[in-house]
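Colleague: The region 'Disordered' annotation in TrEMBL covers A:1-22. Positions annotated as transmembrane segment by TrEMBL: A:29-54, A:95-118, A:130-152, A:172-194, A:227-247, A:280-300. If you look up TrEMBL, you'll see A:92-299 marked as domain 'ABC transmembrane type-1'.
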Amino acid sequence: MTTATTARPAAPPAPGRPQRHRSRRYGRAITFFVAPFGVLFLAFYLVPIGYAVWQSMLTVERDGTFGAARTVFGGFTQYQQVFQHTEFWESIGRVLLFGVVQVPVMLGLALVFALLLDSPLVKGKKFFRLAYFVPYAVPGVIAAIMWGFLYSPQLSPFTALTANVPVLGADLVLWAIANVVTWVYVGYNMLIIYSALLAIPSEVYEAAVLDGASQTRIARSIKIPMVMPAISLTAIFSIIGTLQLLAEPQVFRSFSSAVTSTFTPNMTVFTTSAVPNTSLAAAFSVVLALATFVLSFGFLKFSQRREAR
Amino acid sequence: MTTATRSPLAAVGSALVRDGSGPTAPGRSVKTPVMPRVAAMLVMAVFTVYFLLPIWWLLVAATKTRGDVLSTSPLWFADLNIVENVRDVLTYRNGLFGQWMANSALYAGVGALVATLLAAMCGYALAKYRFRGREAIFNIVLGGVLVPATALALPLFLLFSRVNLTDTYWAVLLPSVVSPFGVYLARIYAAASVPDELIEAARLDGAGEVRTFFGISSRLMTPALVTVFLFQFVAIWNNFFLPLIMLRDERKFPVTFGLYQWNTQLNQIPELNTYVLVGALLSIIPLIVAFLALQRFWRGGLGAGSVK
């Protein structure tokens, strides 16, 4: 995705006219177009990031046990705490486990549905497209509340099932949440992949069809390789989403005591900031953002290298 | 590579409305055996149940009295109590729920509208003008796409509390009007769909740059802008961390966060049970309606044929 965008040339400068001149001529218009977004992006993206880093360097000191607290520059002391904080690393491990299972399942389903929709096997494509996409219109909080009711032994209409399977117990609750996330996002990811399939010109597989290649063969040898960029993209968004999990598990705290206040990294950030220990919470945020960035960027590079081969 | 000009999210829009042109589109149909067709339809049908059953259950449950929700068949109607239920939810605590819905509409509607306008202008400039620092700006914005919004919630709270703006409408609204992804999308789309010749022609006719943008270019960008609006709308409507960390006064809550609060009190206040279900149903209707209503705008291709 980035290669295609950064390589895209802009309007070429008019022949015989130096580029610098052009830029000065429209300088005021450019400022008018760019400045509003630029200022707000600075104020609500870049400054907060810088502030979080700064805040994470601070530490609270006291003179003796009862002395007045004062905030001083502490360098990386908060980060030492971050690395010793077992709950935080447990929460990271939990969402990684969640991601390793849930993301492939979700994207696998999305790919299968997209291929089926694109094949001549399925009738009523319009209906299925819409039906599968509808859960995306349900906010994460609401989806979690709905499924929470469906799971809960006290509230569920399906008591026969929920009474016998401890869906909300310590062992299964992570996967109960995984099901909620899958339910919401499969249709959305399916449409991204499906649209990439629609963009393949039909000449590409005309020869294969004439040679009598089966649908599965066409899917495996032509379609899937051609939609790999779309799949990588959905994977990156899913990885980011997984590390940021917050709303669904936070809602599930009302239904299950197995969901602790430090169940996911973002819940740990919130719990720590409510203590209030803002410096440590800021350090958690910085580490989490870095981890997210490294993971998604690494995945991007990895998939680009594979495509290039 | 033409697919690169289609963003994944714009793709979602067009995939909803376009029809398949797979290897065996009708017209040059190749006979497929019956068994795979039956199997495929079976799979699709089973998952249709998976995706729609919870919503159907919610719809049915919202029409029942509190006793009936647990005692009658979960997937079919009992005594229809929907009117009373809705009235109860709307009048509970002086119309708190209505206030929440209005708040959500304000946060998401205004936020997404402003975000779309700003992103359109910035993305257009990045696509159509050459100036120093252009690539640098674009790369920083692109980096912003990868910064998860939740990572910003805590520092935003700390900053807003310094200027005493926490627990105000601004605290949720202001950060929502910045959409780096929107800029990315607007740039890609403007580069592909607004021809330079058209801008040149407008200049020759004496139109200023700003007027050209609002009068001509922005119209050609409509499909992308509808997509930006829609997805920013959904992002704000679904945002949880920002209200969680910013808001204390329940009259300022967006509806998702309000329902979350009710849901945490289920054990103490049993009548909230019905209210949460009815409220959940009422809260998802606007989004579904918005998606269906705006579907036709996503079709794209307005600019096709303007330069020939």
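Even glycines carry a Cβ here, placed using N, Cα and C.
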Colleague: Please give the sequence-distant neighbours of the transmembrane segment (A:130-152): residues at least 6 beyond its ends with Cβ less than 8 Å from one of its Cβ atoms.
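Modeller: Residues 113, 158, 162, 167-168, 176-177, 179-181, 183-188, 190-191, 247-248, 251-252, 254-255 contact the transmembrane segment (A:130-152) from elsewhere in the chain.
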Colleague: Between A:29-54, A:95-118, A:172-194, A:227-247, who has the most Cβ pairs under 8 Å to the transmembrane segment (A:280-300)?
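Modeller: Most contacts with the transmembrane segment (A:280-300): A:227-247.
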Colleague: Checking distant contacts: for the transmembrane segment (A:95-118), what same-chain residues at least six beyond its ends satisfy Cβ-Cβ under 8 A?
Modeller: 125, 128-129, 132, 174-175, 177-178, 181-182, 185-187, 189-194, 197-198, 219, 223-224, 227, 231, 234-235, 238-239, 242-243, 245, 264-265
